[in-house]
Amino acid sequence: MSNKCDVVVVGGGISGMAAAKLLHDSGLNVVVLEARDRVGGRTYTLRNQKVKYVDLGGSYVGPTQNRILRLAKELGLETYKVNEVERLIHHVKGKSYPFRGPFPPVWNPITYLDHNNFWRTMDDMGREIPSDAPWKAPLAEEWDNMTMKELLDKLCWTESAKQLATLFVNLCVTAETHEVSALWFLWYVKQCGGTTRIISTTNGGQERKFVGGSGQVSERIMDLLGDRVKLERPVIYIDQTRENVLVETLNHEMYEAKYVISAIPPTLGMKIHFNPPLPMMRNQMITRVPLGSVIKCIVYYKEPFWRKKDYCGTMIIDGEEAPVAYTLDDTKPEGNYAAIMGFILAHKARKLARLTKEERLKKLCELYAKVLGSLEALEPVHYEEKNWCEEQYSGGCYTTYFPPGILTQYGRVLRQPVDRIYFAGTETATHWSGYMEGAVEAGERAAREILHAMGKIPEDEIWQSEPESVDVPAQPITTTFLERHLPSVPGLLRLIGLTTIFSATALGFLAHKRGLLVRV
């Protein structure tokens, strides 16, 4: 016996839940099948007496992320600003350098040119890439066949710029520079609004968090849908050979629907058997797109002692020996439950996963004591962490990355329906893909694709723009005249070379005119 409905949504993360809510609000009968014993997917809010609540997964929202802000507001959630009142720290070669603003300052003029050229070139290249079809960029194949490591080797002349650029890649996509396609990474940064928007706290992707945690987005939609959300129901089989689509779960329940939305990371499609088999390109694509590696760590203290030293808690930490490359203040908005959140990224997540939880905490505290110059960092009162690499129903975090050569070959099939199966998930978004914002965009777009297939809305309503949030307005990202026009290091060297040649020629001409050159 099967359970009948209009649409089965596979995956109860933010994308699947956003899709289910829109379809439910449109009068359709929806069932959500979630593999875990909770909704939320790659968002996960843990609650206990020691932490009150803590986001162990996706957490941050900011200006231009208007869909998640609208949905959360509709669900009665509020945001608060991540603390960035005091100074940030850039820790490099064993020394801490306090600063303000999105990027660490650089005092060496040659190094400054190199840093400036890197950020500018990233944004310039990004402007060449269409957000909805990166494979259509003029140099798509050339850039896709190149790793980010190869691009950094071409762009960065100084070790300082290369180190910070490498950290930027590690932090943005939880992968190593040699693992990711340059085209894909350039697209990823571009569709998040560029280098400054993606990396910034104030006026950027990390500006805010939800009071009570981001897990509430999915939980509150589950409250609205009631028993239509089925937990501990991993989907193992989808059959499209009959009049309706049959969906079978691991505990052998059968669900019958007119349409299916797959709202799981693309590679997790390999856990599902399909009849008929998936088309060739999708079948191959899902074997080629892994997720990043990250352990999210939150160290709790008696008080936010770093603020007494005029530090906000943001640390950018260079160096192979440092377990964590980036931190933010995770203290509650009321000033209690003082904490520092840090990411163990990419290969370091794989390496440090061999240690015990206690050993990781010790390494983090020793690092924070060194960077902050405070022994108070050695006295934590509590510790929480989440290793997303071990999650069988995520496969990693934050998101799927594309190795070289894959995006131009297979990217077109990411959102392409397979008969009556439509695809959501943050990976299929065109704006803030990889974030909660992208998850909402993708879920609602997939839901509207089904509404269009059912004849309920016209095709031109599938993709909808979102009005700017009145509560979290975006300020424009600006650059100075100098930042736009300063030469790169090779540009400067060419300039010096030309100037030298010109000067020598001019001197020779003058000497000749004045009869100072003697023929031998």
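From the backbone N, Cα and C atoms, a Cβ is placed for every residue, glycine too.
S2 (N-acetylserine) falls within a strand when secondary structure is assigned with DSSP. What Swiss-Prot lists as N-acetylserine is S2, and the listing cites experimental evidence.
According to Swiss-Prot, the N6-acetyllysine annotation covers K52. Taking all protein chains in view, 14 other C-beta atoms sit within 10 angstroms of the C-beta of K52 (N6-acetyllysine).
Here Swiss-Prot flags C397 as S-8alpha-FAD cysteine, drawing on experimental evidence. Under a cutoff of 8 A between CB atoms, and with a sequence separation of 6+ in the same chain, the neighbours of C397 (S-8alpha-FAD cysteine) are R42, G57, G58, T174, L291, G292, S293, V294, K296, W388, C389, E391.
All protein chains shown were included, and the count of other CB atoms within 10 Å of the CB of C156 (site 'Important for catalytic activity') stands at 22. In three-state terms derived from DSSP, C156 (site 'Important for catalytic activity') belongs to neither a helical nor a strand segment and is classed as coil. Marked as site 'Important for catalytic activity' by Swiss-Prot: C156 (among others).
Residues or ranges marked as site 'Important for catalytic activity' in Swiss-Prot: C365 (among others). In sequence order, V299, A377, L378, E379, P380 make up the list of same-chain residues 6 or more apart from C365 (site 'Important for catalytic activity') whose Cβ falls under 8 Å from its Cβ. According to DSSP, C365 (site 'Important for catalytic activity') sits within a helical segment.
Per Swiss-Prot, the feature site 'Important for catalytic activity' maps to H382 (among others). On its own chain, H382 (site 'Important for catalytic activity') has K50, V51, Y300 as residues at least 6 apart in sequence with a Cβ closer than 8 Å to its own Cβ.
Summarising the annotation, Swiss-Prot assigns topological domain 'Cytoplasmic' to 2-489.
Annotation comment: Swiss-Prot describes 517-520 as topological domain 'Mitochondrial intermembrane'.
The transmembrane segment feature in Swiss-Prot is assigned to 490-516.
K52 (N6-acetyllysine) falls outside any helix or strand according to DSSP and counts as coil. Each residue contributes its Cα atom, and for C156 (site 'Important for catalytic activity') and K52 (N6-acetyllysine) these two points are 44 Å apart. Non-local contacts of S2 (N-acetylserine) by the CB criterion (under 8 A, 6+ apart in sequence, same chain) comprise L246, M254, Y255, E256. Averaged across the topological domain 'Cytoplasmic' (2-489), pLDDT for the predicted model comes to 99. For the recorded site, H382 (site 'Important for catalytic activity'), the DSSP three-state label reads strand.
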